[in-house]
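Reviewing the structure listed below.
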């Protein structure tokens, strides 16, 4: 295991964006599989396009964006470790988290083949409960991550915590899809 981690660390040093893209894609996909198989118990009815969408989000959209964001946060000109950490976490959670979650719900809706109005509906239904859950998990986690973990490993640390978080995101995103596909659920809303 130590040899594998050493190779991964060397790869991250040589190709940080690509390494984080691959890690994020795998871990976002893992979260969706957990959501579908362990929580929703879909079995053979696994929604592969849903998994492909969340893998695409994690690997192609999320990872490069967060990689750049973490490097930007590192430039905050505060020399003392903990004041800099709290400044970074504040910017991350109250500035960046709302943007990236909005991007998630919008991108997932568009990848499902739906229009901007559908994205607005999904955002209104899912954004605030998801943001509150994000803050409960990621504010304490990011204090530790940004205060103690070297920059090149921060996205990997986030991705490790993201396995259960991605299962939650997948469920939040699918919740709106189920209502759209179930005429009984739609008629109950009216």
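Glycine is treated like the rest: Cβ placed from N, Cα and C.
The structure displayed is predicted, hence computed values, not measured ones.
Residues 8, 42, 46-47, 50-51, 54-60, 62-64, 66-67, 152, 155-156, 159-160, 162-171, 174 of the same chain lie 6 or more positions beyond the ends of the transmembrane segment (16-36) yet place their CB under 8 Å from a CB of it. The transmembrane segment annotation in Swiss-Prot covers 16-36 (among others).
Proximity of distant same-chain residues to the transmembrane segment (54-74), defined by a Cβ-Cβ separation under 8 Å and at least 6 residues beyond the stretch ends, is recorded for 16-17, 20-29, 31-32, 88, 91-92, 96, 100, 103-104, 107-108, 111, 146, 151, 154-155, 158, 166, 169-170, 173. Taken from Swiss-Prot, the feature transmembrane segment applies to 54-74 (among others).
Here Swiss-Prot flags 91-111 (among others) as transmembrane segment, drawing on sequence analysis.
The transmembrane segment annotation in Swiss-Prot covers 131-151 (among others). Sequence-distant neighbours of the transmembrane segment (131-151) (same chain, 6+ residues past either end, Cβ-Cβ under 8 Å): 70-71, 73-74, 81-82, 85-86, 88-89, 92-93, 97-98, 101, 157-158, 161, 165, 168.
Residues of the same chain lying 6 or more positions beyond the ends of the transmembrane segment (91-111) and with a Cβ under 8 Å from any Cβ of it are 53-54, 56-57, 61-62, 65-66, 69, 73, 76, 118-119, 122-123, 126-127, 130-131, 134-135, 138-139, 142, 146, 169, 173.
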